[in-house]
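Asker: Sharing a structure with you now.
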Amino acid sequence: MKPDAHQVKQFLLNLQDTICQQLTAVDGAEFVEDSWQREAGGGGRSRVLRNGGVFEQAGVNFSHVHGEAMPASATAHRPELAGRSFEAMGVSLVVHPHNPYVPTSHANVRFFIAEKPGAEPVWWFGGGFDLTPFYGFEEDAIHWHRTARDLCQPFGEDVYPRYKKWCDDYFYLKHRNEQRGIGGLFFDDLNTPDFDHCFAFMQAVGKGYTDAYLPIVERRKAMAYGERERNFQLYRRGRYVEFNLVWDRGTLFGLQTGGRTESILMSMPPLVRWEYDYQPKDGSPEAALSEFIKVRDWG
């Protein structure tokens, strides 16, 4: 089947609506929408929930940008895109909870297509989801990864292990020599065997995110915590900022190509702290995190 960008866009708009409704149902607070237009072509809907009952900040962004030619920074690595018009669309979200026992989560699904008259379109899907706990609970990690594994199952036995490894490799802070969290799924450049198969997988990932995340939120949101846990949460959020500004390809691409800065940086936590040469107390729950986030088979 020929790639159908309109069909993908409708799914993404509906996905943004559904996820916002699900997060509001858990939190009680409403999202505020900020619709925007891109001068060079396209636009989006940025939605943010702030200071809710459960979530300190949750951002769910839809964007659809298009243009007559790709920026040079994009075609340098993919010369086949030169001289083609393009469309790029996706839903990206990050949730930063109040309670340090509730992990931060991130998800993204996206579609890209580049066309020129007389030639086959170049297209692919990408996306995934990952979890960043501050305090490790094995049952949460197992649930997260089993949900990821189960949604991958209909698409092949090798899909989950391949995209889990890609996620582990991608969300890695080289300058800290540590993982950002416990991973999940990450895929990109997906265009085989055909459009329908790839689109179905992207839909499964988009829908699977809340199946993986919300049961963990419900399990942890009422746990008592104090200043020690809050300070550790803010300290560990620093790693999130470091990754996004130093290593994340999507953030860098967006900023380098004139993307909408407010939407790109919507993933940043509202509060964060750094502490020089911080060392958690031996044997403490805080010290246990470094071992918990090491790559392992959670399935």
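The backbone N, Cα and C atoms fix where each Cβ goes, and this holds for glycine too.
Note that this is a predicted model, so its numbers are computed, not measured.
Sharing the features that Swiss-Prot gives for it:
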type     : residues                                              : note
ACT_SITE : His106                                                : active site, proton donor
BINDING  : Ser92, Asn108, Val109, Arg110, Gly258, Gly259, Arg260 : substrate binding site
BINDING  : His96, His106, His145, His175                         : divalent metal cation binding site
REGION   : 240-275                                               : region 'Important for dimerization'
SITE     : His175                                                : site 'Important for dimerization'
Asker: Taking every residue in the region 'Important for dimerization' (240-275), what is their average pLDDT?
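Answerer: A mean pLDDT of 89 is what the predicted model shows over the region 'Important for dimerization' (240-275).
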Asker: Give me the long-range Cβ neighbours of Gly258 (substrate binding site): same chain, 6+ apart, Cβ under 8 Å, in sequence order.
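Answerer: Those within reach of Gly258 (substrate binding site), by Cβ under 8 Å and sequence separation of 6 or more, are Ala40.
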Asker: Tell me the Cβ contacts of His175 (divalent metal cation binding site) under 8 Å, same chain only and six or more apart in sequence, or just say none.
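Answerer: Sequence-distant Cβ neighbours: Glu242, Val246.
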Asker: Relative to the Cβ position of Asn108 (substrate binding site), how many further Cβ atoms are located within 10 Å?
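Answerer: Looking across every protein chain shown, the total is 21.
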Asker: Going by C-alpha distance, which of the binding-site residues Asn108, Val109, Arg110, Arg260 is nearest to His96 (divalent metal cation binding site)?
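Answerer: Minimum Cα distance from His96 (divalent metal cation binding site) across Asn108, Val109, Arg110, Arg260 lands on Asn108.
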Asker: Would you mind reading off the Cα separation of Arg110 (substrate binding site) from His145 (divalent metal cation binding site), to the nearest angstrom?
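Answerer: It is 21 Å, counting Cα to Cα.
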Asker: Arg260 (substrate binding site) has how many other Cβ neighbours within 10 Å of its own Cβ?
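Answerer: For Arg260 (substrate binding site), the 10 Å Cβ neighbour count is 21.
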Asker: How many Å separate the two farthest-apart Cα atoms among the substrate-binding residues Ser92, Asn108, Val109, Arg110, Gly258, Gly259, Arg260?
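Answerer: Between the most distant Cα atoms of the substrate site, 21 Å.
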Asker: These are the binding-site residues: His96, Arg110. Which one scores highest on other Cβ atoms within 10 Å?
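Answerer: That would be His96, with the most Cβ atoms nearby.
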Asker: Reported as an integer number of Å, what is the Cα distance between Ser92 (substrate binding site) and His106 (active site, proton donor)?
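Answerer: So the alpha carbons of Ser92 (substrate binding site) and His106 (active site, proton donor) sit roughly 8 Å from each other.
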Asker: Between His145 (divalent metal cation binding site) and Asn108 (substrate binding site), find the distance joining the two CA atoms and give it rounded to the nearest Å.
Answerer: 16
Asker: Suppose we draw a 10 Å sphere around the Cβ of Ser92 (substrate binding site). How many other Cβ atoms does it contain, all chains included?
Answerer: 24
Asker: In sequence order, which same-chain residues at least six apart have a C-beta under 8 angstroms from Gly259 (substrate binding site)?
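Answerer: Same-chain residues close to Gly259 (substrate binding site) (Cβ under 8 Å, separated by 6 or more) are Val65, Phe253.
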